[in-house]
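Written out below as structure tokens is the structure these notes cover.
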Amino acid sequence: MNGVEEEVRNTFRSGRTRGVAWRKAQLQGILNLLAEKEDEIFEALKQDLGKHPVESYRDEVGVAKKSAANALCCVEKWMAPQKGRIPLVFFPARGAVVSEPLGVALIFASWNFPISLALDPVIGAISAGNAVVLKPSDLAPKCSSFLANTIPLYLDPEAIKVVEGGKDVAEELLQLKWDKIFFTGSPQVGRVIMSAAAKHLTPVTLELGGKCPAIFDNLSNSSDLQCNVGFKVAAKRIVGAKWGPCNGQACIGIDYVLVETQFASVLIELLKKFIKRFYGENLKTLENLSRIVNKHHFDRVYNLLKDPKVAASVIYGGSVDEENMLIEPTILLNPPLDADIMTEEIFGPLLPIITMNNIEESIQFINSREKPLAIYAFTKNDSLKEKILQETSSGSLTFNDAMVQFICDTLPFGGVGQSGLGRYHGKFSFDTFSHEKAVLHRSFLIELEPRYPPWNNFKMEFVRLAYNYDYVGLVLLLLGLRGLFRTNRSQ
């Protein structure tokens, strides 16, 4: 591993990665890779996770294409020095903020979106002018192998390297000194990453997860709730966001739903309706759903259902196909709040529905747990929206939809507290892999010296007025100084 790190560091030190031409060439290379190897990507995703080509394009290829195209279009503007406002006390002077690359970035990708969550951070690191070492997840071996074999054909092989392997390789990489570490995965591994980075004071971005809630408020003024458009659209979006992306194996997927007791039955019936429409009637007819990534994670999710009290709360689904590692979309009503399913991130196709007397109690419920990566709230109530905004803390907050914030490049994506550290996407990715260097240019034209006794008092007053941008006071002070000079000369 020392040899890999040393080679990319030497490439970075040569200055090759800093120029805009190199950055654009690499971004174009990623676009070419995605266009020319699309079918191979689809096949690798199918073998690793059972993803349908539509899901693979939507969540993997399309996301990376959009990110690379946006960076290619904007990288020159992002690189341009930003003019800084310089206080009058420094006159004559000019200042700027210059974004410079951090150096060599180590990027750990996750297994649930093994293409997009590998390439998206790489795009940010490249656009900022860094050299990169990418470590794909060994839990998605076909995608890992694809990246290792294909990236050197499209990108600069001396500046961007892919290292395959398991836990032992990751530990070896963490022993080395990096200029930036970017990790996507679980909070447990995130702590290991942060601890290793602390030895070298290496800055980290941790994209973790947590239990992301959805708040389901009354969306109807009529008595026929099942026919209400707002209820239908909200239920459809919950079903699409919960089971569509990797069958619930997503860090920003809906972990549980909070709803008033009086609306729970209507919500549940609508959820069942759209599950059947989107994914099939039962385990044997399921389609358009990813499988659980491996036996270990299958057992972990299945064990959540084996608790007798949890099993008793299942009101839809619950069937499993151990041979093909499939778990049917499953809805649970009020499972015990101290059960593992309500204390651990589910990361699978199980959806608990928690009822409460008043929807505003959902705020206290969320605040009693770790800060989530995302909160979703389906409501038309502006007062409730403001309460959720002001009284909860989360990586992101989305009203009346779920997961769509992830693909919005003009908004930062990242967690807070237990759900992560740092942010990326679009310009925020560029900033994450950059150091914003302050640059101040001063002049030799003016140099004041303390020749007269009142000078110290004048200097203090000048600084005070300049700091407060009191231009009228400065003019009066300078006029008084001119009078003082004339008086001293006449004497």
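Our numbering is plain: 1 for the first residue shown, then up by one each step along the chain.
Glycine is no exception: its Cβ is also placed from the backbone N, Cα and C atoms.
Record features, source TrEMBL:
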type	residues	note
DOMAIN	11-439	domain 'Aldehyde dehydrogenase'
ACT_SITE	GLU207	active site
ACT_SITE	CYS251	active site
TRANSMEM	466-485	transmembrane segment
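Mean pLDDT, taken over the domain 'Aldehyde dehydrogenase' (11-439), works out to 94 on the 0 to 100 scale. In this structure, the CA atom of GLU207 (active site) is 9 Å away from the CA atom of CYS251 (active site). Counting only same-chain residues six or more apart in sequence, the Cβ atoms lying under 8 angstroms from the Cβ of CYS251 (active site) belong to SER110, ASN112, THR184, GLU207, LEU208, GLY209, GLY210, CYS212, PHE347, LEU373.
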